[in-house]
Amino acid sequence: MMADSKKFRASFITFVLHSYLVLVALSQTEATNRGQCQDGTYKHEGRECCLCAAGLHLEQHCSTNLTQGKCKACPSEMYKSHPTSEVHCEPCTSCSQQNANLMEAEPCTPGKDRKCRCKEDHYCDSVVETCTLCQPCTKCGAEGIKADCTATSNRVCNDKIQEGNHNAGTIAAITVTIVIIVLAAIAALIWKKKEAWKRKQTAQQSNGNAADPERQPLRVPDVDLQPHMSDIAEVIGWKVMQDVAMRSSIPDTTIESCQLDQPNNSQEQTRQLLKIFAEIQGRGASEKLVEILENSGRRRTAEKVVDILHVAARSNLPA
């Protein structure tokens with residue numbers, strides 16, 4: 001009986017050691033295979049597949065774990081600047097939009113987007129790196145140039161020489177001063193009444209907003225719109241984006257230019273106009289977009305945009 005017990009114990013220890021060695025071998029094999037995916041991996045139907053390199057898009061997923069699926073080069077006027085598992089490439093930026101005053105600086109390649117720059121005697125004061133709308137430089141007359149036009153700043157002219165009767169100028173200055181003082185007094189009175197009304201309204205609204213989540217302002221994360229414009233454009237749609245542009249004082253010619261550049265493609269029209277809106281608004285573009293949507297009675301659309309931005313913000317957090 002003692003001999004059988006010792007034999008069973010020895011067999012059990014042998015089985016445990018064998019199982020441990022098998023697990024070690026499998027983990028080493030998986031680590032070796034993982035090194036084959038130079039651009040990283042993604043998950044599909046329980047398998048881990050290698051990402052397609054920059055300049056390519058996915059055509060067919062891998063059939064076995066940690067192997068490369070079928071990738072294909074981006075077609076003409078399309079690009080992908082980073083490894084991906086997406087099935088479509090991004091459309092290249094156009095430098096030929098009507099009234100945009102742009103020209104090509106660097107061509108579009110499968111792995112890199114086209115870069116544009118302003119035409120001669122034009123400038124762009126956008127806060128983002130990529131400019132989509134250049135303005136003509138100011139032309140100076142006889143007063144001469146104080147600071148010339150650059151790629152990012154307008155031309156500054158010298159002060160114009162004032163001519164006319166000095167007495168008339170003095171009288172005009174006195175008159176303007178009196179008018180300003182009167183207007184300032186009226187404005188101060190109106191401001192005081194308005195502030196009192198605001199305090200009353202705020203007190204009333206604070207009670208209502210505490211019980212009604214629909215009236216509370218949305219919390220917008222500080223996320224760059226640029227990488228997520230396709231998703232946001234799909235949620236907003238052309239009609240709503242057109243209304244947002246008009247409410248933010250984007251010229252009608254610019255809105256019409258987006259329509260003409262992408263006929264019969266409302267999503268691309270929306271994406272292009274959203275890109276111009278983001279450049280004009282700068283870092284506060286996300287918050288401004290959500291604010292305009294809420295103020296125009298599109299709370300549900302604003303919530304969808306905020307959801308996209310929250311997902312993006314979480315994905316940018318360090319692991």
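Glycine too: its Cβ is placed from the backbone N, Cα and C atoms.
Annotated features in TrEMBL:
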type	residues	note
DISULFID	C74-C89	disulfide bond
DOMAIN	242-309	domain 'Death'
REPEAT	73-116	repeat 'TNFR-Cys'
REPEAT	117-157	repeat 'TNFR-Cys'
SIGNAL	1-31	signal peptide
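The Cβ of C74 (disulfide bond) lies under 8 Å from the Cβ of G55, L56, H57, K80, C89, P110, G111, each of which sits 6+ residues away along the same chain. C74 (disulfide bond) carries neither a helix nor a strand DSSP state and counts as coil. The 10 Å shell around the Cβ of C89 (disulfide bond) contains 21 further Cβ atoms across the protein chains shown. Following the DSSP three-state reduction, the secondary structure of C89 (disulfide bond) is coil.
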